Amino acid sequence: EENGHQNKKLKRDVDEQDGEDQNKKSPKRKIVLLMAYSGKGYHGMQRNVGSSQFKTIEDDLVSALVQSGCIPENHGEDMKKMSFQRCARTDKGVSAAGQIVSLKVRLIDDILEKINNHLPSHIRILGLKRVTGGFNSKNKCDARTYSYMLPTFAFAHKDCAVQEEVYRVDRETLAKVNRLLGCYKGTHNFHNFTSQKGPRDPSAKRYIMEIECGEPFVRENMEFAVIRVKGQSFMMHQIRKMIGLVIAVVRGYAAESILERSWGEEKVDVPKAPGLGLVLERVHFEKYNRRFGNDGLHEPLEWAEEEEKIALFKEQYIYPTIINTEREEKSMANWLNTLSIHDFNSSAVGMQTDNKNSKGSSDLEGSDGCADDSD
């Protein structure tokens, strides 16, 4: 009995020694992971620890990190222990082609392959880079680029009866869309493009660097276009409301002057386009790259070598999901039918009621596709 006890103790000591040796071989290091995912079926990016009711992208990611041996199980339960930070939260159903998360992991052999082996095919880790010990993917990010893919029949005038699959946007309409989108460039007070921010809240001012609707293209007999927007940061629902208001103007529900009015102090009823087409395209770290990208120890956070993999992932998972969901569930078509009930000259009182209603909506179960720093 004593020998048996000694043998068990010896085995435990050997196992512990093996574990310690493995940890010495694979010390914890601060890294960033380049992620791509199709968000359909998920309640956003951010994990809700203790809530299994709403599955998130991070639930699957953390599980894969534990199973692959990159992090201990208790780090999965308390994400602060691995200094985890995502660059941008994405809302329910929203996808990403260039999400970045920072965390401390054990740098095991074949780390990307091992993590991906424990992830579903619609979530992929496409790249990894070492970063400075104090790096925080959210705080070090200078700008974010999002895209919004939508069927072009969204730009058809409300008085025109259109067949969704036959509609093709004309050059004049596309030029008008881009002229209106261009009004957003620069710094504006976007308090009307989010909830729970007043007109005098300094954080409602946001800087938009680029925004443009690209050339239309046909998929599955339906014409689509992609709007790209780059800004320093975005508030909850901001991009969807920016696009929603432009659609309302182009379709003839609101006057062009509403854009200028929406940046003033009065409350304006700004419609929120569906979340389906929103994709986090890439995040930018210009300041970090200038300081550390060429210091001989760290690589710049640029992903030129991964561009092909990113493009392939979008073609395989993100675009088909947006196209098929639009065809089956008609999210844009159904939303367009709600534009007529908006009062684009509504008072602050009317809008307070609208905010109360939207507060309880399922959109807030994640945060927003563009809520990279929302409260």
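The backbone N, Cα and C atoms fix where each Cβ goes, and this holds for glycine too.
Just so you know, TrEMBL annotations are computer predictions that nobody has curated.
Positions annotated as active site, nucleophile by TrEMBL: Asp91.
Feature annotation from TrEMBL assigns substrate binding site to Tyr146.
Residues or ranges marked as compositional bias 'Basic residues' by TrEMBL: 1-11.
Per TrEMBL, compositional bias 'Polar residues' is recorded for 350-361.
Annotation source TrEMBL lists domain 'Pseudouridine synthase I TruA alpha/beta' at 184-286.
Annotated region 'Disordered' per TrEMBL: 1-28 (among others), in sequence order.
For 350-375 (among others), the entry in TrEMBL reads region 'Disordered'.
For the domain 'Pseudouridine synthase I TruA alpha/beta' (184-286), the predicted model reports an average pLDDT of 95.
Cα to Cα, Tyr146 (substrate binding site) and Asp91 (active site, nucleophile) are separated by 13 Å. Cβ contacts within 10 Å of Tyr146 (substrate binding site), excluding its own Cβ and spanning all protein chains shown: 26.
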